[in-house]
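Take a look at the structure set out below.
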Amino acid sequence: PQGIGSPSVYHAVIVIFLEFFAWGLLTAPTLVVLHETFPKHTFLMNGLIQGVKGLLSFLSAPLIGALSDVWGRKSFLLLTVFFTCAPIPLMKISPWWYFAVISVSGVFAVTFSVVFAYVADITQEHERSMAYGLVSATFAASLVTSPAIGAYLGRVYGDSLVVVLATAIALLDICFILVAVPESLPEKMRPASWGAPISWEQADPFASLKKVGQDSIVLLICITVFLSYLPEAGQYSSFFLYLRQIMGFSSESVAAFIAVLGILSIIAQTIVLSLLMRSIGNKNTILLGLGFQILQLAWYGFGSEPWMMWAAGAVAAMSSITFPAVSALVSRTADADQQGVVQGMITGIRGLCNGLGPALYGFIFYIFHVELNELPMPESPSGGSVVTQYHLQQNSIIPGPPFLFGACSVLLALLVALFIPEHTNLNVRSSNWKKHCGSHGHPHSPQAPGEAKEPLLQDTNV
């Protein structure tokens, strides 16, 4: 196959790192451009933009995954990376087009789905967990470093240089796929022509969700995931804007916050999670993670000082153990032939939340009139922010209403999770699912209904 060497996990790792490093550089400039473009309804527009992108990703991911099973991974890696990074140069050309293209690019913002399929093609089952972990760790590492670099370059040289650098890295990623990445799907797995039919069942984004009600335990797990991840998805879309515009964080402070939170989350999901799973058990670890998430969101909601945000961020790192613990519960209690069914449901629900969460948060910000009175002033030459007047109509009681709503949602998730048995066998009728998976023609290809930051759970214990 064309490319450098044989297909390997390292090809996938480089593709992911370059794409998200380019976007990470734009963290601080995007927040400024977003408010300059939509000064009156910043949070509402941010929620709508991210919500449309998330919903389009959820709807298109199964179809793109099915097509990549027929036509190969390399062409779809190229397609997804190109369209995901296409909005970058538009930031300084036309902000309106920049945000419009971001929304539409959600149709192709499923690089993770194709990358995980690429990894599955070239790894054995016992190797796949470690390979997925490496891809996810690379994603985290790119976001730990790039926002700080982008903020520093923007302060010293201006945001235009940051946009040019991000565009160059995105082009480098595209060139790397064209030149260096070999095709992972064996030629014998692909038909001679590109006219192979794709059934609607393969492309149906709601296929996994339709099976949710077939088992009471599965239903409890899925409700828990939905109620806990909906506020988390909304928080991801708006929290850095909230820190920058409402709490008065500088670009450097936002970048430092991302880096510290990322490092603490990695520690929590490895060392702390392992200790908790051995000491208090799987279900209690889930309940503990949900408890930390409630505390974190309530702290964000009532916090009115920067130090409160930092303290709540440390709690947020501990709340990141919830989803890996849910993954472990599913992998330990489901039968071997049921793993893909249940995990597909959970991934589909998370993909749906990626679309609903940002729009919901933006709408709540809009209802409570959480807006600014004026634009932040330029930073002083010494690097500190010039004092800016902020206007919050609700600042005396609830500075961050959506976060408080999220805490209530996670509290409901905690109550539902109490009824999940510690040890049980999940029983989901999967004959249609097996037929659905078999029609792809490739048993090692995990299909993710939505773009997710975590790897597919197919072979993951934690």
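Glycine is treated like the rest: Cβ placed from N, Cα and C.
Straight from TrEMBL, the features:
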DOMAIN    8-425  domain 'Major facilitator superfamily (MFS) profile'
TRANSMEM  12-35  transmembrane segment
TRANSMEM  47-68  transmembrane segment
TRANSMEM  75-91  transmembrane segment
TRANSMEM  97-119  transmembrane segment
TRANSMEM  131-154  transmembrane segment
TRANSMEM  160-181  transmembrane segment
TRANSMEM  217-234  transmembrane segment
TRANSMEM  254-277  transmembrane segment
TRANSMEM  284-302  transmembrane segment
TRANSMEM  308-330  transmembrane segment
TRANSMEM  351-368  transmembrane segment
TRANSMEM  403-420  transmembrane segment
REGION    433-462  region 'Disordered'
COMPBIAS  433-443  compositional bias 'Basic residues'
Average model confidence [pLDDT] within the domain 'Major facilitator superfamily (MFS) profile' (8-425): 79
Distant-in-sequence neighbours of the transmembrane segment (97-119), which means Cβ under 8 A and at least six residues beyond its ends: 7, 9, 11-12, 15-16, 19, 33-34, 37, 45, 48-49, 52-57, 59-61, 64-65, 68-69, 73, 76-77, 79-84, 86-87, 90-91, 128, 131-132, 135, 139, 184, 445-448, 450-453, 455-456
Same-chain residue ranges lying at least 6 outside the transmembrane segment (403-420) that approach it to Cβ under 8 Å: 217, 220-221, 223-228, 230-232, 234-235, 283, 286-287, 290-291, 293-294, 297-298, 300-302, 329, 361, 364
